[in-house]
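Remarks on the structure that follows.
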Amino acid sequence: MPAALVENSQVICEVWASNLEEEMRKIREIVLSYSYIAMDTEFPGVVVRPIGEFRSSIDYQYQLLRCNVDLLKIIQLGLTFTNEKGEYPSGINTWQFNFKFNLTEDMYSQDSIDLLANSGLQFQKHEEEGIDTLHFAELLMTSGVVLCDNVKWLSFHSGYDFGYMVKLLTDSRLPEEEHEFFHILNLFFPSIYDVKYLMKSCKNLKGGLQEVADQLDLQRIGRQHQAGSDSLLTGMAFFRMKELFFEDSIDDAKYCGRLYGLGTGVAQKQNEDVDCAQEKMSILAMINNMQQ
């Protein structure tokens, strides 16, 4: 049984504007030895539907994602760190980042906000003490968490999660075409394993994250629909599934870089791979200049 299933030493750290830089310094050290990162976001729902003609249902799903991510703001991000065996660092292993969000000024789905409020999110505190996304993006760029081939990202049905991450890191709207989105995604997050996509090869596993956790006999730490708790549970599910269904070895060619409900993701042209490498070098040079 992977150590990721041992609950007694797991700790979720709440991060607000006041302790952001201190916690990011810790993460820069942690990721050197614990480079498997389970991720989840909380966002204010779906508020618009795209109109027009679409090439396929997958194209429609991407356009639905794109128009909502462009309009809305991320509320929470959860990151849980383990090593390749599913073992946690001592002490804190999960960070829950709470971003600025204003119920008076920002757009949202009322049902989603009600769900998050009932799950314990403190929207008044988000408004007053939340993290500025631009400042967070600057710190994330230099954290060793993104743009690194050795870092493995674990997620669950994560098109929207990574949509918000790409928006946050680029400070711009998502690309109009899905293949352009995956090009940028693979630049920042070279290795992604979406647990919901992995479930396609896991007999009898079905449902959302909590249902899957129940089927795998996993115990949640923290509250459902909070990003830290959900990221922690996502990591647990990945390592349990890896052990039970994949004999502790997942075929990257089949699963890496694919997001459930969207296109193939990794089906990039070779010349795009060259462009991606050149873009990464440019970004790394920019980061190096920022650190000097």
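Even glycines carry a Cβ here, placed using N, Cα and C.
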Per Swiss-Prot, member of Asp217, Asp230, Asp248, Asp251 binding divalent metal cation 2 alongside Asp40, Glu42: Asp230
Nearest-integer angstrom distance between the alpha carbons (Cα) of Asp230 (divalent metal cation 2 binding site) and Asp40 (divalent metal cation 1 binding site): 6
All-chain count of other Cβ atoms within 10 Å of Asp40 (divalent metal cation 1 binding site): 28
Residues within 8 Å of the Asp40, Glu42, Asp230 Cβ centre (excluding the divalent metal cation 2 site residues themselves): Thr41, Gln76, Leu77, Gly78, Asp161, His225, Gln226, Ala227, Gly228, Ser229, Ser231
For Asp230 (divalent metal cation 2 binding site): DSSP state (helix, strand, coil): helix
